[in-house]
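Undergrad: Okay, these came from Swiss-Prot:
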BINDING   75, 76, 77, 78, 79, 80, 81, 82  ATP binding site
């Protein structure tokens, strides 16, 4: 009995000491600097924005890319990296969000972005001269609390000032990696507080002399690999032809890292030239997988009605009948447990004081 009383006394003392410590922390660093997970003040449901690809939203496990996080999208040249990010920009703008594009490569095609559904009139764009300038602009935009999505295209083009001002053959090892490491240390906390999604596009390089394992690596050192909540590996796996003409690419995206859901899932979709990700093509493929759309030979049917012979004709039918496309998509979402996007999901501005 005495032991129980003693235990209760120690427990009460501990609780009192903890309450005093929490009070001191809040007094020194502000309310909300520390809290219990069960208090309700901590965000339990992850806010997301769609990638523009239903299959990729499903592969990500939460219905899209998580807000308030860092995301890395990498792959070989012409694999669809910029197309995918511009689709995310278009989806964020549909939700009423404000987006910025840091074009370090100085290669953004405005007319192509417009074709993908991006409202280019409202898109903020910066074409910085140095890597430091690009990351300072990113930091200022994140701290404003008024930006919902920032795209940096690309990490490989974030050239340190010392390299630009130096001679062509100068050896400056690790300079870009140190720049990225310092920037991400500074940015990550602010990104979380302002609920801003920051997407880094990255390129692939080959490591020399690798005998075992993949010789591929991404630029900018290892910091981004650690700080990114989601890493997507995008690859072109084939061509889409109409007769003898190539009209698009068959694309595979692998979720290499995912801190908000199980990783290593894959998504397959078509990217059509001048149109972006083929929503209708994905609805057909996922509809067949979920047994919502029937396929018999080359014919596709829905509710007993034939919708086209061959995927191209079925895709065209859904493009001409958007109501049926929406109906099939909603059934696919329900079957796979992926909810539709919330139209009021844009963040409330939260400025961060220096």
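Quick reminder: no glycine exception, Cβ is built from N, Cα and C everywhere.
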Undergrad: Cβ within 8 angstroms of the Cβ centroid of 75, 76, 77, 78, 79, 80, 81, 82: which residues besides those meet this for the ATP site?
TA: 234, 236
Undergrad: Among the binding-site residues 78, 79, 82, whose Cβ has the fewest other Cβ atoms within 10 Å?
TA: 78
Undergrad: Other than its own, how many Cβ atoms are within 10 Å of the Cβ belonging to residue 76 (ATP binding site)?
TA: 14
Undergrad: Looking at Cβ-Cβ distances, which residues of the chain lie under 8 angstroms from residue 80 (ATP binding site) while being 6 or more apart from it?
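TA: Listed in sequence order, they are 234, 236, 249, 251, 271.
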Undergrad: Can you tell me how many other Cβ atoms are located within 10 Å of the Cβ belonging to residue 75 (ATP binding site)?
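TA: Step by step: centre on the Cβ of residue 75 (ATP binding site), count other Cβ atoms within 10 Å, giving 24.
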Undergrad: For the binding-site residues 77, 81, work out the Cβ neighbour count at 10 Å and name the residue with the minimum.
TA: 77
Undergrad: Need the DSSP three-state call for residue 77 (ATP binding site) to compare against my parser.
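TA: In three-state terms, residue 77 (ATP binding site) counts as coil.
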